[in-house]
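Trainee: Pulled from TrEMBL, these are the listed features:
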type     : residues                                             : note
ACT_SITE : H540                                                 : active site, proton acceptor
BINDING  : K135, G199, D402                                     : FAD binding site
BINDING  : G264, A265, S266, Y267, V268, A269, L270, E271, G360 : NAD(+) binding site
DISULFID : C126-C131                                            : disulfide bond
DOMAIN   : 4-53                                                 : domain 'Glutaredoxin'
DOMAIN   : 80-418                                               : domain 'FAD/NAD(P)-binding'
DOMAIN   : 438-549                                              : domain 'Pyridine nucleotide-disulphide oxidoreductase dimerisation'
Amino acid sequence: FLLQVKDLFSSLGVGCNVLELDQVDDGAGVQEVLSEITNQKTVPNIFVNKVHVGGCDRTFQAHQSGLLQKLLKENSAYEYDLIVIGGGSGGLACAKEAAILGKKVMVLDFVVPSPQGTSWGLGGTCVNVGCIPKKLMHQAALLGQALHDSRKFGWEYNQQVKHNWETMVDAIQNHISSLNWGYRLSLREKAVTYLNAYGEFVEHHKIKATNRKGQETCHTAAKFVIATGERPRYLGIQGDKEYCITSDDLFSLRYCPGKTLVVGASYVALECAGFLAGLGLDVTVMVRSIILRGFDQEMAEKLSSYMEQQHGVKFLRKFVPVMVQQLEKGSPGKLKVVAKSTEGPETIDGIYNTVLLAIGRDSCTRKIGLEKIGVKINEKNGKIPVNDVEQTNVSYVYAIGDILEGKPELTPVAIQAGKLLARRLFGTSSEKCDYINVPTTVFTPLEYGCCGLSEEKAIEVYKKENLEVFHSFFWPLEWTVAGRENNVCYAKIICNKLDHDRVIGFHVLGPNAGEITQGFAVAMKCRLTKRQLDETVGIHPTCGEVFTTLEITKSLGLDITQKGC
Ligand SMILES: Cc1cc2nc3c(=O)[nH]c(=O)nc-3n(C[C@H](O)[C@H](O)[C@H](O)COP(=O)(O)OP(=O)(O)OC[C@H]3O[C@@H](n4cnc5c(N)ncnc54)[C@H](O)[C@@H]3O)c2cc1C
Ligand SMILES: *[C@@H]1O[C@H](CO)[C@@H](O)[C@H](O)[C@H]1NC(C)=O
């Protein structure tokens, strides 16, 4: 009984003092006095802030009726019901939902400036230095392509077309400022206390907040959510922090970056390389080993060869930078990069105006005092392991978003997890976040959308002989008159033969891949099968319709190239 009650209190995020009567000197005497004042002879005998509640059953009844929570709250030892550390996608969603459910909530958000000195406002990575500016820059590049196509469709113009980087950055940054403002407003509306300060745990249920001026305050809460996200990784070579930039700096860069070396082959690296080339810059991507690790490698290969052959991006494969030197200062200046082969003693060097590092991101979990309260992290990658309700190994501390171990690092995932967590903690819901079949899109010049498993992963899990892979090239109608290349846009689905040809992997390479993939992801949530795809009537003429007419399997090995003029 005692254990059950202890569990109940710890699930409510409250500590309790336990007096074991058979382990104290005058246990019998205490029991006598207890039964005198409470009329209860049995144990456990529970008090909340000096108010007698009863035994185990009475305590659980009080919990069900809400009386227990009321007793705890009236005399709560903590300033807040919830403190959220990190005001990004996940943190804001969680804080707002908790406030809607009537809780007293504080959010701390603080941006440690990048080594180049860049910082930004409320809202986290996605809004300020992620999804939003990168999709807008991708759009800027797509418009350049559209201008090109437009002549084939009869548009005539004589002015020389050129791109103005400053104008684009100003427009995008203005939009971001309006989003920052909107976030502040919505926190105020919901009466969430916002602190623009860096938070770290100092003891159980207590954090220290340090603002820009170095002023410190302390705050306590019954529960905590960690949503501190990640920051770009550096190489740890001579000159990297001094002279290189990362995606944290690129989107607000005051000058056009010029000839650029992008180091890395993450989706961030390829997206940045793609739009910079689309804006007319000379771009090289230096790749250590695998392109788009974790994604379907056939798609990654097709996507990068499109960038190389049709989009003018150069790839330097199997090289890593070993030194970055400044040759000239300026906006941009001139940098010399020395790189070494990963396969032998060969070294090469090159001159660039800008070196953009996109080699990965590190979780912001090592400088927030987790060791003070014993929250477990994976020492290797700094990620926080949680159970299926986003609870860390310290029961009143939860974690969401990019810092989670083994979960997709995407904004809608962080938002969903944050919102559902607040509803479970403070509402009546028990719905858990579902991390399966999360769709995503890489916004490279040729966009790549996917949902479910890569072909490699599917083979690993289900074995090749149990899979049927349907695929086809397709030629968007808009591309035909424009004279753009055939046999680069590509559709592929992976079906599980042992389960009614269920679609377990969806992959599309082509224009508007994100818009296409979103709808099919819904279908996959509804356990889409190949037959249902075949029974669906297409919309003509679109790119998405290709998925309703897929006939050729990889196992048959028939030619999928489209004959067009
Ligand atoms: C270039 C780029 C492009 C991306 N594009 C996409 C995309 O197209 N689609 C998509 O879904 N996702 C995209 N992402 C990923 C997306 O941005 C993240 O998945 C999302 O922001 C994660 O949210 P989060 O709440 O975990 O953390 P974040 O949004 O990173 O928020 C964490 C916040 O906490 C703050 N913080 C950290 N430590 C402390 C502390 N101790 N005290 C106070 N505050 C602190 C940080 O400054 C930050 O503001 C992109 C990411 C990058 C880098
Ligand atoms: C959580 O894990 C850490 C690291 O393994 C450990 O030191 C700590 O005691 C654990 N805390 C709890 C409450 O289990």
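Even glycines carry a Cβ here, placed using N, Cα and C.
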Trainee: For a three-state summary based on DSSP, what are the helix, strand and coil counts in the domain 'Glutaredoxin' (4-53)?
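Mentor: Within the domain 'Glutaredoxin' (4-53) the tally stands at 23 helix, 6 strand, 21 coil.
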Trainee: When you look at K135, G199, D402, which the record names as binding FAD, what is the longest CA to CA distance in angstrom?
Mentor: 30
Trainee: What kind of secondary structure is G264 (NAD(+) binding site) part of, going by DSSP in three states?
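Mentor: Looking at the DSSP assignment, G264 (NAD(+) binding site) belongs to neither helix nor strand, so coil.
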Trainee: Specify the count of other C-beta atoms within 10 Å of the C-beta of G360 (NAD(+) binding site).
Mentor: 15
Trainee: I'd like to know which of the recorded positions listed (C131, G264, V268, D402) lie near ligand 1, counting only a CB under 6 Å away.
Mentor: C131, V268, D402
Trainee: I need the CA-to-CA distance for S266 (NAD(+) binding site) versus the residue listed as 'active site, proton acceptor', whole Å please.
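Mentor: Checking the Cα atoms of S266 (NAD(+) binding site) and the residue listed as 'active site, proton acceptor' gives a distance of 34 Å.
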Trainee: How many whole Å apart are the CA atoms of C126 (disulfide bond) and K135 (FAD binding site)?
Mentor: 10
Trainee: In three-state terms from DSSP, label D402 (FAD binding site) for me.
Mentor: helix
Trainee: Across all protein chains in the structure, which of the recorded positions C126, L270 has the highest Cβ count within 10 Å?
Mentor: L270
Trainee: Near the Cβ of C131 (disulfide bond), how many other Cβ atoms are there if near means within 10 Å?
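Mentor: C131 (disulfide bond) is surrounded by 16 other Cβ atoms within 10 Å.
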Trainee: For the NAD(+) site (G264, A265, S266, Y267, V268, A269, L270, E271, G360), what does the 8 A shell look like? I mean other same-chain residues with CB within 8 A of the CB centroid.
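Mentor: The answer, listed by sequence position, is V262, C272, L292, A358, I359.
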Trainee: Report the largest Cα to Cα distance, in Å and rounded to a whole number, among the residues G264, A265, S266, Y267, V268, A269, L270, E271, G360 that the record lists as binding NAD(+).
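Mentor: Max Cα-Cα spread across the NAD(+) binders: 14 Å.
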Trainee: For the domain 'FAD/NAD(P)-binding' (80-418), what's the model's average pLDDT?
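Mentor: That region's mean pLDDT is 97.
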Trainee: Considering Cα atoms only, can you say which of G264, V268, L270, D402, H540 is the nearest neighbour of C131 (disulfide bond) among these recorded positions?
Mentor: V268
